[in-house]
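Taken from TrEMBL, the feature signal peptide covers 1-27. The domain 'Peptidase A1' feature in TrEMBL is assigned to 59-414. Feature annotation from TrEMBL assigns active site to ASP77, ASP289.
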Amino acid sequence: MASSKSSLFLPLPLLFLLLQIQTSVSSSKTQKTLLLPLKTQTQTQTPSRKLSFQHNVTLTVSLTVGSPPQNVTMVLDTGSELSWLHCKQLPNLNSTFNPLLSSSYTTASCNSSICNSRTRDLILPASCDPNELCHVIVSYADSSSVEGTLAAETFSIGGAAQPGTLFGCMDSAGYTSDADEDSKTTGLMGMNRGSLSLVTQMALPQFSYCISGKDASGVLLLGGGAAAAPWLGPLKYTPLVTATTSLPYFDRVAYTVQLQGIKVAEKLLQLPKSVFLPDHTGAGQTMVDSGTQFTFLLGSVYSALKDEFLEQTKGVLTRIEDPEFVFEGAMDLCYHAPASLAAVPAVTLVFEGAEMKVSGERLLYRARKGSDWVYCFTFGNSDLLGIEAYVIGHHHQQNVWMEFDLVNSRVGFTETTCDLASQLLGLSP
């Protein structure tokens with residue numbers, strides 16, 4: 001959600017594994033962790049980890065933590081760094097991790113090098129708690145936060161143990177402004193490029209995921225990319241953007257790419273290129289964030305997109321004229337049920353070297369308005385959320401193979417059928 005390796009951590013062998021990731025809004029099903037045999041890829045010297053998941057509002061992965069293992073469910077978030085678990089039983093939480101029951105749990109002292117150096121990429125600096133333990137606070141764009149103790153524990157991902165994994169053992173209530181959503185997960189798995197992220201701790205050269213648009217399932221590969229799926233079409237790559245200097249509003253460890261333009265059908269919005277570039281404070285970067293559901297644009301760009309979409313959908317869609325109804329607090333363009341999604345013009349995000357086309361169900365999201373169903377445009381105004389950035393959410397990544405290549409500092413993607421990808425990778429549909 002939009003917010004160097006220590007010698008203590010050895011690179012984990014990259015394995016093929018299968019994990020269940022379940023939708024945080026789907027409480028009717030309980031998913032179990034599934035384990036697959038290790039499988040070496042012919043293209044590399046080390047195998048990769050293969051995971052399956054389900055999704056909706058958030059992507060969540062089930063794994064075990066501690067000795068003996070305790071089952072936990074974590075939100076998969078490429079926009080966050082520190083992984084953390086709820087460690088204090090509170091009335092609104094259905095799942096917590098109890099460190100007192102684990103023999104492998106250790107805390108970090110606030111005077112330790114881990115506390116002083118590994119927390120350098122966190123937005124808020126670590127501090128000493130009354131017990132002289134390393135106290136960490138993780139804050140999010142919606143002004144929510146969690147806080148607790150930096151600790152180390154054995155994380156078993158798909159049955160392969162990762163001892164000494166640093167994480168936050170949190171004793172506050174939740175991490176979003178939606179308490180109901182918080183109650184369905186144990187914590188969050190940070191997957192950005194920061195020092196404390198799981199990606200860095202596991203020394204992953206790359207990871208990929210593919211989210212199905214129909215059955216709310218998907219595949220996540222840790223340590224593997226398109227080479228693990230040779231039946232994929234060629235990926236389009238766009239380079240990751242880095243800041244050479246520290247800027248107050250630029251997240252240096254996010255997966256930042258360069259948005260260059262937006263098209264409605266084949267018409268490119270007439271906007272100056274400067275509106276897509278970060279300003280002198282770092283505001284205006286474009287982040288790929290699996291922890292955010294929809295895509296948000298800075299106000300001026302959102303307004304231009306909205307006006308052009310309205311113009312091109314005259315006679316095709318019937319807008320709901322209700323200024324009081326703003327879906328998710330930032331999406332103010334909603335319609336009555338369309339006669340056909342095929343007649344709705346696609347929106348294409350133009351990046352450096354690649355384009356991402358958004359159409360059909362990815363473009364209009366069915367939502368409740370009282371007792372009625374409405375269809376809302378899945379681009380929102382980030383200004384209404386208080387976010388000074390462009391954020392590409394996971395809804396627009398459905399049926400798109402996404403590859404995060406850390407070695408070559410790039411993000412690649414290609415359209416595919418993700419439920420078929422699951423089957424071809426040996427996962428049940």
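Count begins at 1; order follows the chain as displayed.
Cβ coordinates are placed from backbone N, Cα and C, and glycine is handled just like the others.
Whatever TrEMBL says is automated annotation, not expert-curated.
The structure displayed is predicted, hence computed values, not measured ones.
The separation of ASP77 (active site) from ASP289 (active site), Cα to Cα, is 7 Å. As a whole-number mean, the pLDDT of the domain 'Peptidase A1' (59-414) in this prediction is 90. Over all protein chains present, the Cβ of ASP289 (active site) has 28 other Cβ atoms lying within 10 Å. Packing around ASP77 (active site) is summarised by its Cβ count: 28 other Cβ atoms lie within 10 angstroms of its Cβ, all protein chains included.
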